[in-house]
Amino acid sequence: MMSHIFEGTGVALITPFTNGEVDYEAIKKQVHFLIDNGIQSIVVNGTTAENPTLTEAEKERILTTVIEENAQRVPIIVGTGTNNTQKSIEASLRAKALGADAIMLITPYYLKTSQRGLVAHFEAIANATELPVVLYNVPSRTNSTIEVDTLVRLSQNPYIVALKDATNDFDYLAEIQQRVDTDKFALYSGNDDNIVSYYEQGGHGVISVVANVIPKEFQQIYTNAKDRDAQFEPIATLLDAMSIDINPIPIKYLAALEGFGQYEVRLPLVPLNDKEQQQLKAIYHQFKAGVRT
């Protein structure tokens, strides 16, 4: 019997800002917009949310706001991983107390560790929290990876139940599938641009950035398997345009166009310049016009 936190499209939720402050009313609008358009899970306080720039009080209020608006409709996953095991445990326990359904743990960054250290780090958090855990492997941001042998061992922990895979390495995916019981352990892509191939090779879902603004279109790629290539083609053009700068800078601009806060990011991130904004807006409007026809 297959048992996963979710299947299909999860969203790595942005944090909308207005006049430098978290816009909690915009978050409420986001939650309803996403769920009404078919999103299967919401990931709060992750990279796309500008997690390092948020205070602990902001993180807790964001999570509380999302949980209240969600009203148990979809699973809420919270990014609580850091490069400090004890602080990660404390953040995870706070998330659990507030009502989170699962936590997401990134590999430790800057203060790097060995594969043996990764096992000890992740298991200490999982065992202390006793919530479902999504591991997050994103070597492009952390310069650290969860090797397959390590993942096999971690998958035997009853709380460690999924991987967000941002490696874009399909050999890695194939080896995991050969060695891990994927009826019990879910594999989610962390890359919007490879989602068709990820589904074709047996992935269970995606934790998406672009689905902040096009949730329905992205979920349809999962549900309508026969037409995936055709459905993805216009999205690929939009994703290419979004590569103009580092996530979440472009998606924050598109979210602002949709009324989710003002176009603001917190330092050290800086917004797109005027020319870049106009280029991205034009392609986004072309995409939206195509959806309506």
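Each Cβ is built from the backbone N, Cα and C atoms, and glycine gets one as well.
What TrEMBL records for this protein:
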type	residues	note
SITE	Thr47	site 'Part of a proton relay during catalysis'
BINDING	Thr48, Ile207	pyruvate binding site
SITE	Tyr110	site 'Part of a proton relay during catalysis'
ACT_SITE	Tyr136	active site, proton donor/acceptor
ACT_SITE	Lys164	active site, schiff-base intermediate with substrate
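TrEMBL feature annotations superimposed on the structure.
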residue : record                                               : Cβ within 10 Å
Thr47   : site 'Part of a proton relay during catalysis'       : 20
Thr48   : pyruvate binding site                                : 22
Tyr110  : site 'Part of a proton relay during catalysis'       : 8
Tyr136  : active site, proton donor/acceptor                   : 25
Lys164  : active site, schiff-base intermediate with substrate : 27
Ile207  : pyruvate binding site                                : 28
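Nearest Cα neighbour of the residue listed as 'active site, proton donor/acceptor' among the listed recorded positions (Thr47, Thr48, Tyr110, Lys164, Ile207): Lys164. Among the recorded positions Thr47, Thr48, Tyr110, Ile207, the ones whose Cα sits within 10 Å of the Cα of Lys164 (active site, schiff-base intermediate with substrate) are Ile207, in sequence order.
In this structure, the C-alpha atom of Thr48 (pyruvate binding site) lies 19 angstrom from that of Tyr110 (site 'Part of a proton relay during catalysis'). Taken residue by residue with DSSP, the residue listed as 'active site, proton donor/acceptor' is part of a strand.
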